[in-house]
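Report on the structure given below.
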Amino acid sequence: MTIIAVDGPAASGKGTIARALARHYGLPCLDTGLLYRAVGLSVLKAGGDPDQEADALAACDFEDGLLNDPALRSEAVGSLASRVSVHPSVRQALVQRQRDFATRPGGAILDGRDIGTVIAPDADAKIFVTASVHVRAQRRYADALEHGGHPDMDSLIADIQARDTRDMSRDHAPLRMADGADLLDTSDLAIDAAIQRAIALVDAQLEGHRKV
Ligand SMILES: Nc1ncnc2c1ncn2[C@@H]1O[C@H](COP(=O)(O)OP(=O)(O)OP(=O)(O)O)[C@@H](O)[C@H]1O
Ligand SMILES: Nc1ccn([C@@H]2O[C@H](COP(=O)(O)O)[C@@H](O)[C@H]2O)c(=O)n1
């Protein structure tokens, strides 16, 4: 069983890298941010307050079908996800589902904020993907344009900075590089180059594990 943990801030490219690693190693992949996004969107639909722990906890009981809702992908839902994810009971409610996925018999790849630190601290390989705030905002800008939106660069930068601050400063499972993780800064790397670098880092970590 091989578990690969991919963590990093918003729009760093961790999902792109996790999916590419999943194809390369033939493993299933879980985007754990979608779980928090589903909770955020459910609170909104129920007319609750994402900053109230009881409202957010009640929303953890969402229907699985919600995970396929394209509305989850918006920046607004990303911010809601970041707000509900500060509540310890919300994090606890989502832990088992992630650990069950991580410990599938054949192994798995998970991407998120706390995979290498909390969900799978004993993962066989850990990557922390990052990129500068400006580069990440440019990626969101390009995404929005491609989907017919009218993005504003200053708002995107402000949203990303607010999300980074909230994700890194919360008391429970804050975003940080896990012990044993390799840093992969994709600021100056095209997607293919970032993927090749990630594969090289994971191969080296898996090789190191085998020697132990
Ligand atoms: N190295 C790269 N160079 C250029 N664009 C990239 C790179 N990596 C990813 N992208 C693009 O940036 C956007 C965000 O990437 P991705 O969704 O993988 O990030 P993420 O960290 O998973 O985001 P989030 O978790 O906040 O949803 C996508 O449009 C993706 O194609
Ligand atoms: N393991 C995780 C994954 C996500 N979050 C929170 O959800 C927000 C949205 O995540 P995306 O990866 O889809 O951008 C994110 O900003 C985090 O607040 C988390 O706490 N733990």
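A Cβ is built for glycine as well, from the same backbone N, Cα and C atoms used for every other residue.
TrEMBL lists Gly8, Pro9, Ala10, Ala11, Ser12, Gly13, Lys14, Gly15, Thr16 with the feature ATP binding site. The domain 'Cytidylate kinase' annotation in TrEMBL covers 4-202.
Proximity of the binding-site residues Gly8, Ala10, Lys14, Thr16 to ligand 2, judged by a Cβ distance under 6 angstroms to any of its atoms, singles out Ala10 in sequence order. DSSP gives Ala10 (ATP binding site) a coil state; it is part of no helix or strand. Non-local contacts of Lys14 (ATP binding site) by the CB criterion (under 8 A, 6+ apart in sequence, same chain) comprise Val6, Asp7, Gly8, Asp111, Gly112, Ile127, Val129.
Other than Gly8, Pro9, Ala10, Ala11, Ser12, Gly13, Lys14, Gly15, Thr16, the residues of this chain whose Cβ falls within 8 Å of the Cβ centroid of the ATP site are, in sequence order, Ile17, Asp111, Val129, Thr130, Ala131, Arg136, Thr186.
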